[in-house]
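Taken verbatim from Swiss-Prot:
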BINDING   Arg106, Asp143  substrate binding site
Amino acid sequence: MTQQLQTLIDNAWDNRASLSPSAAPKEVVDAVEHVIAELNNGRLRVATREGVGQWTVHQWIKKAVLLSFRLKDNELMKAGDLGFFDKVPTKFAHLSADEMAATGVRVVPPAVARRGSFIAKGAILMPSYVNIGAYVDEGTMVDTWATVGSCAQVGKNVHLSGGVGLGGVLEPLQANPTIIEDNCFIGARSEVVEGVIVEENSVISMGVYIGQSTPIYDRTTGETTYGRVPAGSVVVSGNLPKDGGRYSMYAAIIVKKVDAKTRSTTSLNDLLRD
């Protein structure tokens with residue numbers, strides 16, 4: 001079934017220029033809708049973890065997300081007295097109180113999660129935004145004004161502090177999703193984008209910006225890497241000298257490995273998750 005679905009989506013993607021809401025084969029429309037529904041309930045996800053820092057990205061699922069925009073017209077949506085005009089409904093719009101309770105998720109107004117995202121049991125959405133295709137795992141808090149971009153993957157017991165931004169894959173088009181692994185703490189107003197992977201148990205200080213071109217410098221080893229924060233790292237914003245010291249350029253600096261002191265200041269509050 002999955003292989004047939006993947007083949008159908010891949011073929012539709014190759015012929016996407018010919019697709020529109022009024023001109024698309026029913027089997028393509030049904031296939032895309034099936035993928036979005038499976039993403040919404042967590043049975044499919046854009047990327048699956050194979051080990052620490054090792055992920056397999058399912059490009060065909062990302063293609064289905066993109067095709068869903070091609071196959072739908074905008075429509076009027078209401079939230080109380082507010083009106084919206086979009087192609088993607090919100091995730092919880094039509095759930096009853098019992099159905100919401102069964103999800104095990106706490107949603108603080110005016111948090112928004114789009115249909116096609118998955119929010120696992122025990123997660124908390126403060127007034128924040130979770131885009132289509134994203135996966136937020138158990139016990140994670142998405143704090144106020146944080147944004148989880150399209151298809152981003154967030155692990156268990158993660159804290160995304162106020163104003164954090166995780167980049168999406170839809171625009172500009174990115175090959176791989178941004179990934180935050182289990183037990184990470186991302187400090188206020190930090191941005192992780194362009195498919196960067198923050199490996200498990202890491203702490204990103206406030207105001208750190210990491211993309212694929214950002215040097216990640218380990219002050220202990222002197223090594224500079226790109227696109228990946230090693231497991232258990234404590235990262236702050238800094239600068240590295242360039243051109244013999246004539247000027248400096250922004251870098252993310254690994255200052256140490258996570259220790260007991262770090263954990264005591266970034267631990268999750270179980271009282272908020274009852």
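The backbone N, Cα and C atoms fix where each Cβ goes, glycine too.
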For Asp143 (substrate binding site): intrachain residues, at least 6 apart, with Cβ closer than 8 Å: Met126, Ser128, His159, Leu160, Ser161, Gly162, Val164, Ala188
Sequence-distant neighbours of Arg106 (substrate binding site) in its chain (C-beta under 8 A, six or more apart): Ala123, Ile124, Leu125
Secondary structure of Asp143 (substrate binding site) (DSSP, helix/strand/coil): coil
